[in-house]
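*Asks:* Annotations per TrEMBL:
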- 987-1002: compositional bias 'Basic and acidic residues' (COMPBIAS)
- 435-592: domain 'Integrin alpha first immunoglubulin-like' (DOMAIN)
- 593-726: domain 'Integrin alpha second immunoglobulin-like' (DOMAIN)
- 739-943: domain 'Integrin alpha third immunoglobulin-like' (DOMAIN)
- 987-1008: region 'Disordered' (REGION)
- 84-145: repeat 'FG-GAP' (REPEAT)
- 148-200: repeat 'FG-GAP' (REPEAT)
- 212-266: repeat 'FG-GAP' (REPEAT)
- 267-332: repeat 'FG-GAP' (REPEAT)
- 333-390: repeat 'FG-GAP' (REPEAT)
- 954-976: transmembrane segment (TRANSMEM)
Amino acid sequence: ESWALRRWYMFTPTLISLLKRSQEMTLKTKASLISLDLTFLLVGAPKANTTQHNIVEGGQVLKCNWNSNRNCQPIIFDPTGNRDFAPDDPLEFKSHQWFGASVRSQNDKILACAPLYHWRTETKQEREPVGTCYLLAGSKFVEYAPCRSTTIDADGQGFCQGGFSIDFTKGDRVLLGGPGSFYWQGQLISDRVTEIVAKYDSKVYSTKYDDQLATRPASAAFDDSYLGYSVAVGDFNGDGIEDFVSGVPRAARTLGMVSIYNGKNMSSMYNFTGEQMAAYFGYSVAATDIDGDNYTDLFIGAPLYMDRSSDGKLQEVGQVTICLQRALGGFQTAKLNGFEIFARFGSSIAPLGDLDQDGFNDIAVAAPYGGEDKRGIVYIYNGGASGLNAIPSQILEGQWAARTMPPSFGYSLKGATDVDKNGYPGPLGCFLCRARPVIRVNAALEVNPTILNPENKACSLGDVKVSWGGTSWVYFCNLPILEGLRKSNFQVELLLDKLKQKGAIRRALFLHSKQPSHSKNMTITKGGKMNCEELDAFLRDESEFRDKLTPITIFMEYRLDYRTAADATGLHPILNQFTPANMSRQAHILLDCGDDNICKPKLEVSVESDQKQIYIGDDNPLTLIVSAQNQGEGAYEAELFVVVPPQADFIGVVRNNEALARLSCAFKTENQTRMVVCDLGNPMKAGTKLLAGLRFSVHQQSEMDTSVKFDLQIRSSNLYDNLSPVAYYQADLAILAAVEIRGVSSPDHIFLPIANWQPKENPETEDDIGPLVQHIYELRNNGPSAFSKVMMTLQWPYKYKNNTLLYIVQYEIDGPMNCTSDMEINPLKIKVSRTFPLSGDHRDHRISRRDLATVEGDVHTLGCGTADCLKIVCQVGHLERGKSAILYLKSRLWTQTFMNKEYQNHSYSLKSSASFSVIEFPYKNLSFEDIHNSTVVTTNITWGIQPQPMPVPVWVIILAVLAGLLLLAVLVFVMYRMGFFKRVRPPQEEQEREQLQPHENGEGTSEA
């Protein structure tokens, strides 16, 4: 019993041991035989060896008791070997004849065939596969070989393979298909059982039947069509006589056909043609009334049908065509495609009768190479008034066979036979699938009252009064079909507030257990009264939950206790899958919303702010003043939703303003939408108006942003009018950048002449030129917005009257800056010192104005207006708020110029200048005003004698010493008077110790 069931578990397997060695036969065909009170399974074993003399793999038909696991017994249809014209001159060949490849039974009749049985005439040596069958009628065995005749050439019935497909009609006829007759045009032959039995003569090899119906050869265009490949019977003209159906899978240029012939005279009635070449349309056929209209419907299998998958590629999935016969004539067709590629869906189709006892017949469709391991699948489909249900109600997987051979589970099917007499027909495959009894249950659930008033404290829970003195009833009865089943045990479970997710607060509890669930085992007696149970429940206090609008769902589910429901053979019944095994009812909480208990609020929200413009990079928060009001009925679970743009972050609620409500707000993200949710009340009563402030920081702008938009809406859980119109606040983004440039000279004064300095005609080092002069320029962005490009221009006084003033040795930059000059820097290739001090200590050359001994009335300014200037152009890149870009210029004062007589005894002011202009901001869609500025750095050159600092007078020193000594004496005297220098010794004598003890005269006490 190693197999699997999926979906509705209607069938249970019974595996019967057929032969000791599985390779001795192919389990291809099966049928059932009902005799008296016993039911047997008939299984064809076409490759089994027999006791026939000199016959190899003659084939057998086995009779198996369905509830026995012992070996099956063969039915001996033909105990003899080959019949001969003379010794060693056989006229028939029974080895490898595949006897049992086709088996059918009806009441006490069994027809079994060997389609590969060969025969030859006395005049010809060629043996032809005419096929033969054996009929067991009552206790009499007769041979039935309608294709065995003297005309055994290919153009006749020589390759007939009679018995390739067979069936019985209700009118006591057999229908035989011979797909090889007439150059494989194929043939249908039908004879009466009574005439077959009556005319049987073991000495006559070719028998003529008076009441035989047979198709005749057609033109050569119909060669290789395989008429008779599959057969079925059913009434398709309403005359009460079953007609003949045959699949012709290679007809119509391999499109395939299915033909219906009149059961009275074998005349053609209907033809159905396939739609796809080589799909083997007609490989299998079946006939039964599937929609309950008393008209036989037709099912056609095309196991090689190809369909396009989602990627557009063709895949072999198989197809079954459903032809529903209509009362006014004609057929309505529908298609049923397979589920797996190369599974051969539709290889066999079997009517199953009414499995679920719903009044409509059901069918089984096999995919013998389906499943994960390709062992085969059988799909059970239920019929209905509108036709076949496209979704299988059960899927049987053949996981029983060994892996050494293709299992092909479902390759051949037979159904509509109640082998275990439990009232349900079951399908027969390579083993028996017993249909389980179906129990139909009538269950009901009632709740009273359905409107719950939280103010009605009618229930007592200890010392506490609780709401809803409600009652729920659960009752149900069942109608079991299973014979001998007197009672059924059910497990019933009730759950209050079912729709609440796991872990959420259930708003209602059962009074007896204070739990939201209740379970009970109920026993239903066949034919007994309806079982009922009444339970009380109560509503939690309103402070324990928020949701007051959604109904409280009372859910009931029942399950059959299968352990106690099995019959004597261990077969378990099953609940009808089309009758729900659960049900629910609803109760509502009474609301202050009028007679209809339906609240319709009128929600409104507005927003304003004193900031209409936001400067990019500004740290000041944006405050939104929100007004929310409800001018209708109560709004339950009312919340303010503020959609936060990606440029902003929520800071919090304004709480330092008494005029604003202190809402409870939380930030959350739903489907990548960032929002702030604030509680407005549950309910937000009619006439409520709230004013609140929300603070946001705006600092994550992208290059393309031009504004920041906030969407605001009030939402509630009310069924109607639960949303307010969307309000929005939009602030434009603007650029504000306070850019400054400043410079400094180090040193800012140089005093000439320089002591011990001698000029050199060809200077080699920096010191040979003169003292160090550094000009430092800083471009600083004070924000708040960042800029991405600034052009800065530096003008440097280089020469005056062809005499060098300030000789630039080198320059350096700090920050995102690139500079170029219009003249070569350090053209004399002066050796540059390794260090580049930002501000060297040159006290010998630095002097303040108040220390100058010379009069500065004669000052000559040497700047770009009077001197020749060198230009340095710098491009400054991205600068955030508070960042700087610095240009360091290291130069030497060309001292020899100022030592000339014409320059001596004069003061000079050497001025460099720098200007900038903001060219670009990183915000592409925002305009900005022109931002520019400039500054000048001055180095003063002064001729004069630097005065030496005056020494401190002696009397000042003496006075300071005396003042210090006096202060020390005063401190010592004060400490002496306070006893700081008095030493306290420990007492030496006993009397001295006693004096340390407290007096006992009451003057003082102490405690430790």
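A Cβ is built for glycine as well, from the same backbone N, Cα and C atoms used for every other residue.
Show me how these features fit into the shown structure, please.
*Replies:* Summarising model confidence by region, the domain 'Integrin alpha second immunoglobulin-like' (593-726) averages a pLDDT of 91.
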*Asks:* Mind checking how the domain 'Integrin alpha second immunoglobulin-like' (593-726) divides into helix, strand and coil residues in DSSP?
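*Replies:* Taking each residue of the domain 'Integrin alpha second immunoglobulin-like' (593-726) in turn, the totals are 0 helix, 68 strand, 66 coil.
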*Asks:* Can you tell me how the residues of the repeat 'FG-GAP' (84-145) break down into helix, strand and coil by DSSP?
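*Replies:* Split by secondary structure, the repeat 'FG-GAP' (84-145) comes out as 0 helix, 32 strand, 30 coil.
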*Asks:* What is the number of residues in the repeat 'FG-GAP' (333-390) that are helix, strand and coil, as DSSP sees it?
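*Replies:* For that range the per-state counts are 0 helix, 28 strand, 30 coil.
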*Asks:* What does DSSP give as the helix, strand and coil breakdown of the repeat 'FG-GAP' (148-200)?
*Replies:* 10 helix, 17 strand, 26 coil
*Asks:* According to DSSP, how is the repeat 'FG-GAP' (267-332) divided among helix, strand and coil residues?
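*Replies:* Here the numbers are 0 helix, 33 strand, 33 coil.
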